[in-house]
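Notes follow once the structure below has been shown.
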Amino acid sequence: QQISWTPLLLLGYLFYLLLGAMVFQLLEKQAETHFRDQFQLEKLKFLQNYTCLDRQALEQFVQVLMEAWEKGVNPEGNSTNPSNWDFSNSFFFAGTVVTTIGYGNLSPSTVAGQIFCVFYALFGVPLNLAFLNQLGKALNAHLLTLERWVQKPGRAQVQCQFAIFSHYFKTRAIFLTAGTLLFLVFPPLVFSYVEGWSYGEGFYFTFITLSTIGFGDYVVGTNPNKHYIPVYRSLTAIWIVFGLAWLALVFNVGADLMERYLQLKWHKSDLSLAEGDTTKLEDEPEQPRIHIPS
């Protein structure tokens, strides 16, 4: 009997969202309340120290700071801060547009820039997907080469399902380990050194970026107190493109691995049922066969 998995998948999806909502609320709500109260306390202290200001003037100044941040201007530092729209930063922004990361810390403020961004993304996102698809195929071709290299002589004659699955898993494990080191383990070390983040913050930024979630709470090259090399953000954009292709292939490999595992379990279950049916037929006495003429 064929079973429709759509209702079960829908229920599982909703349950996963509800679970995530409850956990995030449990972990973050209390901290948010603490930060909000601390911010209000700091505003009261500021008014007490500077009695020439009233609350309305302070709120207006806070609004100016928020508008500056939304326009991509860092309130820290002074007017000598590097521009957000030099070539390196613009190249980085273009990469976040076509890869749909969209950190949210920087966006076009002019009408012409906003209109161009729409059409740039309209053609750039499909182009990026096509490029990542070809890059993924190239990585997959190297993966197949690695698979043939890992395969031992004589293994091809063994057509056991378990042996095939084990060989597939070993090859993918080598690929995942190398890619994890290159795109997830080593880059946070660089970001920690350059940006002054902890390793955990660098790893968090790395995964949030390569998965195209892009919250914008951590973005490279935005600290006004640090001096970055001109090509820093451009090199980061190139790293993002290759990391996106690798992580997309990882997701595909993971789905394929789970499918092969389920097929293996299903194959073993069918074999067990077939052996049980054979034993049952051998134990039962042979029934007379009825010949029906055509």
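In case you wondered, yes, glycine gets a Cβ from its N, Cα and C as well.
Automatic prediction, not curation, is the source of TrEMBL annotations.
Sequence annotations record features per position, and here TrEMBL assigns transmembrane segment to 6-27, 87-106, 112-132, 173-191, 203-220, 232-255. For Asn78, the entry in TrEMBL reads N-linked glycosylation site. The domain 'Potassium channel' annotation in TrEMBL covers 80-139, 181-259.
Counting residues per DSSP class in helix, strand and coil order gives 55 helix, 0 strand, 24 coil for the domain 'Potassium channel' (181-259).
Stretch with the most C-beta contacts under 8 angstroms to the transmembrane segment (232-255), considering only 6-27, 87-106, 112-132, 173-191, 203-220: 87-106. Within its own chain, the transmembrane segment (203-220) is flanked in space by residues 96, 99-105, 183-184, 187-188, 191, 194-195, 197, 232-233, 236, 240, 243-244, 246-247, which lie at least six positions past its ends and keep a Cβ under 8 Å from the stretch. The domain 'Potassium channel' (181-259) scores a mean pLDDT of 88 in the predicted structure.
Helix, strand and coil counts from DSSP across the domain 'Potassium channel' (80-139) read 41 helix, 0 strand, 19 coil.
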